Amino acid sequence: MMRIPNRSIQAANIFFSSGAILLLIAGLIMENWVELIPKVRKDKVTHSPWLGCCPPFWPEESLEAIRRMMMMSLNISIYLNLIIGLQFTYMISQNKCVHLLIGFLSFFTGCLLFYAIIVYHHKLNKGQYVYFVNYKTKWIVFTIYLTIALFLTCGIFSFIQCTNRCACMKFCVPHTESSSKAMTQNTIQVISLPPRSEMPRSIVHMHSDMPGKEGSISKPHLQSRRVTWAL
């Protein structure tokens with residue numbers, strides 16, 4: 001099973017979340033997201049979803065809700081980047097709950113931004129030919145889609161990191177431990193002993209110390225036995 005190193009995933013998450021924050025700040029600073037051409041006068045008016053207020057010729061009240069969603073996504077992304085940085089520096093634990101929290105916040109921020117930009121485009125299409133003649137989007141609008149992609153990628157990497165940790169806890173065994181276990185299993189063999197044979201008969205040799213009559217008298221007392229086993 002292929003396992004991506006956790007440090008590489010955390011470094012990629014820091015890079016993606018930091019890039020998303022920079023893109024959001026750039027979108028906040030630049031106000032020319034779209035150019036509105038009103039009906040009465042042909043002067044172009046720039047507008048941005050970060051403003052919240054609408055031009056006098058476009059009485060749209062729901063733009064404030066879009067601005068709040070954009071600001072909420074920026075705040076969540078800052079906290080998300082902080083959590084990922086603390087995790088990368090081992091200041092918080094590397095458990096499964098932290099990975100799930102980072103993945104959830106990343107997906108939530110990306111979905112919130114996507115919903116806000118979809119609502120903004122819907123309001124532009126709704127106001128077209130009613131309050132203004134036409135509108136033209138600028139290049140800065142496409143940075144919000146790149147920001148959404150960065151947040152979704154960060155969430156996917158967090159879930160991959162969580163999956164790696166779960167798989168490592170359940171199935172993965174360190175190389176040294178697995179090799180030692182394999183060596184132990186290979187070296188341990190059951191050696192069966194042969195059945196015990198019957199005891200050999202003993203050969204008893206009788207020796208007498210003194211020949212003749214005296215030897216026969218003291219034979220019971222001075223008799224010695226030498227036992228040899230026939231192998």
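In case you wondered, yes, glycine gets a Cβ from its N, Cα and C as well.
Under the heading motif 'RVxF', Swiss-Prot lists 225-229.
Taken from Swiss-Prot, the feature topological domain 'Cytoplasmic' covers 1-13 (among others), and the record attributes it to a curator's inference.
What Swiss-Prot records for 35-71 (among others) is topological domain 'Extracellular'.
Annotation comment: Swiss-Prot describes 93-99 (among others) as topological domain 'Cytoplasmic', evidence class a curator's inference.
What Swiss-Prot lists as topological domain 'Extracellular' is 121-139 (among others).
Look at Swiss-Prot and you will find 161-231 (among others) tagged as topological domain 'Cytoplasmic'.
Only residues 6 or more beyond the boundaries of the transmembrane segment (14-34), in the same chain, are considered here, and those with a CB under 8 A from a CB of the stretch are 46-51, 70, 73-74, 77-78, 80-81, 84-85, 88, 106, 109, 124, 135-138, 140-141, 143-144, 146-147, 150-151, 153-154, 157. The transmembrane segment feature in Swiss-Prot is assigned to 14-34 (among others); the stated evidence is sequence analysis.
When Cβ-Cβ distances below 8 Å are used as the criterion, the transmembrane segment (72-92) is approached by residues 7, 10-11, 13-14, 17-18, 20-21, 24-25, 28, 98, 101-102, 105-106, 108-109, 112-113, 116, 151, 154 of the same chain, each at least six residues removed from its ends. According to Swiss-Prot, the feature transmembrane segment maps to 72-92 (among others).
Sequence-distant neighbours of the transmembrane segment (100-120) (same chain, 6+ residues past either end, Cβ-Cβ under 8 Å): 13, 17, 20, 49, 62-63, 65-66, 69-70, 72-73, 76-77, 79-80, 83-84, 87, 141, 144-145, 147-149, 151-152, 154-156, 158-159, 162. Marked as transmembrane segment by Swiss-Prot on the basis of sequence analysis: 100-120 (among others).
Among the features that Swiss-Prot reports, transmembrane segment is placed at 140-160 (among others), with the record citing sequence analysis.
Listed as Cβ neighbours of the transmembrane segment (140-160) (distance under 8 Å, sequence separation of 6 or more from its ends, same chain) are residues 4, 9, 12-13, 16-17, 19-20, 23-24, 26-27, 30, 32-34, 77, 80, 84, 99-100, 102-107, 109-110, 113-114, 117.
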